[in-house]
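Novice: For reference, TrEMBL lists these features for the protein:
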- R23: site 'Transition state stabilizer' (SITE)
- K29: site 'Transition state stabilizer' (SITE)
- R148: site 'Positions MEP for the nucleophilic attack' (SITE)
- K204: site 'Positions MEP for the nucleophilic attack' (SITE)
Amino acid sequence: MTGACLLSGTTAALIPAAGSGTRLGLGHKAFVTVGDLSLLARSVAALAPYVDEVLVALPGGMELPPGINARAIVGGETRQDSVRRLLHATVADTVLIHDAARPFLPANITLALLEAVAETGAATVALPVADTLVHSGGGGLWGASVSREGLWAVQTPQGFRRELLLRAHAQAAADGHAATDDAGLIARQGGQVQLVRGDARLFKVTTPGDLALAQALAPVWDAQPGGFAG
Ligand SMILES: Nc1ccn([C@@H]2O[C@H](COP(=O)(O)OP(=O)(O)OP(=O)(O)O)[C@@H](O)[C@H]2O)c(=O)n1
Ligand SMILES: C[C@](O)(CO)[C@H](O)COP(=O)(O)O
């Protein structure tokens, strides 16, 4: 049974990959390789077995490299624009939105997310915060402390009934509201979003330090694709 069997109707994986990778500094981040595979190839491969189609938003003028089994569209100026375009490029009933920049997505997390979306219509992978949190007070000094009690760091994939997310994006666009993810747009409208426990190894490759971690993890993942032991 694939994960899509948990849901009624069709399911699409929507992968925003149109960012410029400014913080990493190596050009378009989705095409950066860890081990022998690009971040994008890894993200597509992780979701493809569980969905009816995979759509990728790419920077203008770029094409999908050979070997990536997906349909490509041109992304937008921001992640939010890229996701909105992806949403309009599919008719699937359910969408799983996943950053190309998160290459290590365990199968058990995808299955747990699909189960949560089937029950609630909106869910995201997230992880309880483990570090002490503080606002910078300026000048590199400790400002106001922030309790980490009840705080979760949001990851992807995030899953939604597509109609629900289309409405949330339309409302955000009408209000000129900019968001860093999609689950937040549902919550902004008063909708409930189920939190599904993620994994530290599902981190987003954002900085050179993240890339170094990803390079170190790739052989471990490639020895057992789809999951980590422990
Ligand atoms: N206009 C944009 C911006 C981002 N993304 C995608 O959204 C995901 C998360 O974004 P982020 O990690 O911030 O990537 P970049 O925008 O490329 O990074 P930076 O902010 O450092 O430039 C990435 O898979 C990225 O390709 C996108 O599809 N379209
Ligand atoms: C969607 C996301 O990965 C959830 O943590 C995150 O908000 C993307 O942020 P970015 O600044 O676009 O990388």
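In case you wondered, yes, glycine gets a Cβ from its N, Cα and C as well.
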Novice: Name, in the order they occur in the sequence, the residues of the same chain whose CB lies under 8 A from the CB of R23 (site 'Transition state stabilizer') and which sit 6 or more residues away.
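Specialist: Spatial neighbours, sequence-distant, of R23 (site 'Transition state stabilizer'): T206, T207.
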Novice: Hey, how far is R148 (site 'Positions MEP for the nucleophilic attack') from K29 (site 'Transition state stabilizer'), Cα to Cα, in Å?
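Specialist: Distance (Cα to Cα, whole Å): 31 Å.
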Novice: Among the recorded sites listed here, K29, R148, which has the most company in the form of other Cβ atoms within 10 Å of its Cβ?
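Specialist: When each Cβ's neighbours within 10 Å are tallied, K29 leads.
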Novice: Name the secondary structure element type, per DSSP in three states, that contains K29 (site 'Transition state stabilizer').
Specialist: helix
Novice: Mind giving me a neighbour count for K204 (site 'Positions MEP for the nucleophilic attack')? Other Cβ atoms within 10 Å of its Cβ, every protein chain shown.
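Specialist: The Cβ of K204 (site 'Positions MEP for the nucleophilic attack') has 16 Cβ neighbours within 10 Å.
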Novice: When the Cβ positions of the recorded sites R23, K29, R148 are compared with the atoms of ligand 1, which fall under 6 Å?
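Specialist: Close enough to ligand 1 are R23, K29.
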Novice: Which recorded sites out of R23, K29, R148, K204 lie by ligand 2, going by a Cβ under 6 Å?
Specialist: K204
Novice: Taking DSSP as the reference, which of helix, strand or coil describes K204 (site 'Positions MEP for the nucleophilic attack')?
Specialist: coil
Novice: Pop the Cα-Cα gap between K29 (site 'Transition state stabilizer') and K204 (site 'Positions MEP for the nucleophilic attack') into the table, whole Å please.
Specialist: 11
